[in-house]
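Going by Swiss-Prot, these are the annotated features:
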{"type": "REGION", "residues": "29-316", "note": "region 'Disordered'"}
{"type": "COMPBIAS", "residues": "81-120", "note": "compositional bias 'Pro residues'"}
{"type": "COMPBIAS", "residues": "121-135", "note": "compositional bias 'Low complexity'"}
{"type": "COMPBIAS", "residues": "136-155", "note": "compositional bias 'Pro residues'"}
{"type": "COMPBIAS", "residues": "180-191", "note": "compositional bias 'Pro residues'"}
{"type": "COMPBIAS", "residues": "192-204", "note": "compositional bias 'Gly residues'"}
{"type": "COMPBIAS", "residues": "228-240", "note": "compositional bias 'Pro residues'"}
{"type": "COMPBIAS", "residues": "241-301", "note": "compositional bias 'Gly residues'"}
{"type": "COMPBIAS", "residues": "305-314", "note": "compositional bias 'Basic residues'"}
{"type": "DOMAIN", "residues": "426-598", "note": "domain 'tr-type G'"}
{"type": "REGION", "residues": "435-442", "note": "region 'G1'"}
{"type": "BINDING", "residues": "435-442, 485-489, 539-542", "note": "GTP binding site"}
{"type": "REGION", "residues": "460-464", "note": "region 'G2'"}
{"type": "REGION", "residues": "485-488", "note": "region 'G3'"}
{"type": "REGION", "residues": "539-542", "note": "region 'G4'"}
Amino acid sequence: MAGKARVHELAKELGVTSKEVLARLSEQGEFVKSASSTVEAPVARRLRESYGGSKSDKTKAAPSGNGAAGATVKPSAPQSRPGPKPGPPVAQQPAAPAAPPAAPPAPPTPAAAPPSPAPAAPAAATPAEPAAPSARPGPTPGPRPGPSAPKPGAPKPAARTPRVGNNPFSSQQPVERPAPRPQGPGGPRPGPGAGGPRPGGGPRPGASPGSMPPRPQGARPGGGPRPGGGPRPGGGPRPTPGGAGRPGGGGGGGGNYRGGGAGGGAPAAGGGGFRGRPGGGGGGGRPGQRGGAAGAFGRPGGAPKRGRKSKRAKRAEYENMQAPVVGGVRLPHGNGETIRLARGASLSDFAEKINANPASLVQALFNLGEMVTATQSVGDETLELLGGEMNYVVQVVSPEDEDRELLESFDLTYGEDEGGEEDLEIRPPVVTVMGHVDHGKTRLLDTIRNATVREGEAGGITQHIGAYQVTVDLDGTERPITFIDTPGHEAFTAMRARGAKATDIAILVVAADDGVMPQTVEAINHAQAADVPIVVAVNKIDKEGADPAKIRGQLTEYGLVPEEYGGDAMFVDISAKQGTNIEALLEAVILTADASLDLRANPDMEAQGVAIEAHLDRGRGPVATVLIQRGTLRVGDSVVAGDAYGRVRRMVDEHGEDVEEALPSRPVQVIGFTSVPGAGDNFLVVDEDRIARQIADRRSARKRNALAARTRKRISLEDLDSALKETSQLNLILKGDNSGTVEALEEALLGIQVDDEVELRVIDRGVGGVTETNVNLASASDAIIIGFNVRAEGKATELANREGVEIRYYSIIYQAIDEIESALKGMLKPVYEEKELGRAEIRAIFRSSKVGNIAGCLVQSGIMRRNAKARLLRDNVVVAENLTISSLKREKDDVTEVRDGYECGLTLTYSDIKEGDVIETYELVEKART
């Protein structure tokens with residue numbers, strides 16, 4: 001039995017109980033727990049050897065196809081070999097071919113039984129008796145004249161199972177050899193009836209001239225005669241290098257020690273060639289084939305078959321050799337093809353595109369000093385750099401292209417009118433009012449729609465977008481115009497940019513008494529970038545110091561040339577407070593729209609537009625202010641806006657009245673979203689809620705990946721020590737009344753530049769009041785909650801007081817920015833500035849056994865102060881730094897300080913002083929960080 005065996009299997013094989021086997025193993029020094037335990041092959045061999053092998057043969061009634069102790073011979077083999085078997089005289093008893101025993105264990109026979117020369121016609125499957133020591137004293141020196149002729153009268157069996165070779169530990173079964181060996185067993189083989197010296201297949205001399213080198217002498221597992229006819233379970237010493245009269249195993253194949261041996265007591269199945277390896281028991285000697293049995297420890301029993309490599313294998317090997325090595329890792333080599341990746345893609349996504357192993361990309365970046373996991377979002381530069389090293393062109397897909405591809409996967413399009421020219425109808429113009437803060441934009445809209453919106457704004461500053469549609473009576477014709485009011489404060493850049501993209505015409509409001517300001521220039525840039533025509537409204541002409549001509553001259557520098565100066569920009573002087581020239585301004589807007597714009601849309605398609613603003617209402621839930629750009633929005637439609645989706649449950653106009661449908665250029669408030677959409681997100685109507693949910697989920701995942709790639713800190717191995725140092729960090733949780741305000745506040749706060757030592761991090765943001773969940777998060781992360789135009793809800797205030805969480809409320813954005821900036825500056829580590837105190841020259845040195853060297857000094861300037869910091873100068877060269885004046889005396893009295901012009905004695909925390917040295921004292925003063 002080659003390989004491991006269980007105790008109960010051995011007990012069944014040996015015909016004893018498992019307890020007896022366990023006891024016998026314990027006597028042999030082997031610790032085995034139970035009958036289900038396995039023992040190694042050497043242990044099983046020693047166990048069988050201790051039982052003498054007889055019980056094994058009695059228990060095996062038929063040969064086993066997967067026996068572990070040795071290979072058995074098929075019962076049909078003796079019938080095909082009727083010829084007499086040469087060999088020394090032995091007392092051999094033929095056994096029935098129906099029950100051949102297994103090899104190598106042999107049945108117990110009398111030890112003194114000599115070998116018989118009787119013919120062994122049925123003995124091919126009969127185990128050979130062990131030869132006495134006197135019967136085979138050494139190798140038979142018969143000649144080996146090369147290949148021998150086939151044995152007359154003894155045809156080879158058509159198929160036989162050769163025994164396992166010289167390896168007692170082999171777990172593989174021998175392979176059948178139907179074809180005869182081309183090389184005979186060596187030596188003269190007489191015909192039938194002739195005696196020979198090989199009971200197990202003929203003599204095996206140790207060497208044959210011209211066929212093989214001499215076989216080394218020594219122990220050989222599985223070979224050699226056994227003195228006294230004792231059983232030979234699997235191996236033992238083999239003093240003679242020649243033939244093997246193995247009980248139950250047959251002699252080794254003639255020729256040399258690499259030849260295959262025959263089965264139990266029969267002549268070898270083929271001549272021994274030099275092709276098999278040791279352990280190829282029944283293998284043939286033909287070139288290019290393995291031995292019939294396995295080698296030691298499961299290795300193949302012969303030399304592997306070597307074939308010619310295919311062209312594909314050679315090409316793959318060549319390409320692998322030519323593959324680029326990045327960071328010591330061999331990576332695939334591209335042909336310059338373009339790989340499209342989404343923003344925030346991971347190395348797994350990149351590896352999937354190029355059929356590479358993600359682990360190799362991770363290892364390559366790690367060796368280059370970049371620590372990234374396979375599923376972590378990677379920045380665009382890292383992907384492009386890695387792709388360039390492998391000869392790939394990495395193209396990071398823009399968010400717009402990625403969103404378009406996402407919609408195309410659902411057979412949806414955005415931004416195009418369906419149908420032909422006959423389906424398009426005239427729509428009202430969308431006008432955005434832009435300008436610097438406090439220049440009168442909201443007052444102008446109030447005058448147009450006869451409302452008072454400005455008084456409701458905190459500080460008189462518009463902090464969210466307002467969208468209104470008013471009907472203007474122009475020359476007896478009612479013309480609807482949609483107005484969008486944008487903030488003018490510098491923190492609302494993104495909101496102004498959204499207003500410019502969603503508009504048809506921009507009204508630029510400039511105060512005649514203030515002139516062109518930074519946000520005025522920014523509004524001009526946004527409008528020009530969106531290719532939107534601009535109508536300039538010069539406001540506050542009724543105030544003292546107003547100079548409309550000056551405004552025209554200033555705006556000329558930015559490409560806005562008035563029509564009276566030969567340009568194409570329309571300028572209207574107005575007074576929003578007095579209502580002067582408002583109709584002229586509206587007329588200019590209508591004329592500009594009719595003259596230079598094609599304002600048409602298809603109202604019969606599914607609605608599409610943009611979410612101008614969104615907020616969380618306590619009673620109504622998420623509310624989004626949307627502007628319909630094409631199509632008609634109806635109650636009950638399934639909509640998706642950004643990563644929010646839902647079904648339109650209710651629509652409200654600017655007057656608070658319910659509407660059932662909204663046509664193009666109509667702003668309405670939509671109620672029914674499952675979450676708050678982002679300000680500026682595109683919205684569209686889809687057929688089913690399922691499609692809307694899938695689109696929203698994919699957009700949300702894309703946004704998370706992009707955010708992770710943008711906010712992930714690039715930590716290299718060189719910067720790891722500094723990155724692990726403690727840095728001051730201010731965590732914030734932002735809550736506001738609408739999403740646009742929260743977005744603007746976050747951008748303004750993150751734009752505060754204080755120092756690299758402190759970091760501002762917004763860990764959460766949302767629309768609505770401060771909740772207990774926000775307080776718990778702030779408590780766990782040591783964060784401050786910023787509430788903008790909102791208050792704490794319910795028990796959130798009590799929880800915040802109990803947990804020690806600070807909640808700050810603001811209604812004006814620049815107050816929040818100033819206070820957060822001050823808090824960041826207060827978190828800076830202090831910077832100390834050196835302030836000189838005085839200088840003293842050493843005139844004499846006194847030595848003391850208690851305190852060491854005492855310096856007798858004359859204070860030249862300033863003061864000498866006890867415990868002050870000092871440095872020692874010698875010839876204007878600093879000798880020692882960071883010293884301390886440990887003691888200071890004037891005459892014999894201890895003093896705290898000595899002024900200039902006086903002598904003193906002092907000791908330093910430094911003993912190597914000389915006369916003429918100068919002691920300079922200083923103190924460190926904390927400097928305010930800015």
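Heads up, the Cβ atoms here are built off N, Cα and C, so glycines get one too.
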I want to verify one value. Collapsing DSSP to three states, which class is Lys441 (GTP binding site)? helix
Lys441 (GTP binding site): tally of other CB atoms within 10 A of its CB: 27
Identify, in sequence order, the residues in the chain of Ile541 (GTP binding site) that are 6 or more apart from it along the sequence and have a CB within less than 8 Å of its CB; answer 'none' if there are none. Ala512, Pro548, Asp573, Ile574, Ser575, Thr580
Calculate the per-residue pLDDT averaged over the region 'G1' (435-442) and state the result as an integer. 79
Neighbour-count leader, CB within 10 A, binding-site residues: Gly435, Asp438: Gly435
Which residue counts does DSSP give the region 'G4' (539-542) for helix, strand and coil? 0 helix, 1 strand, 3 coil
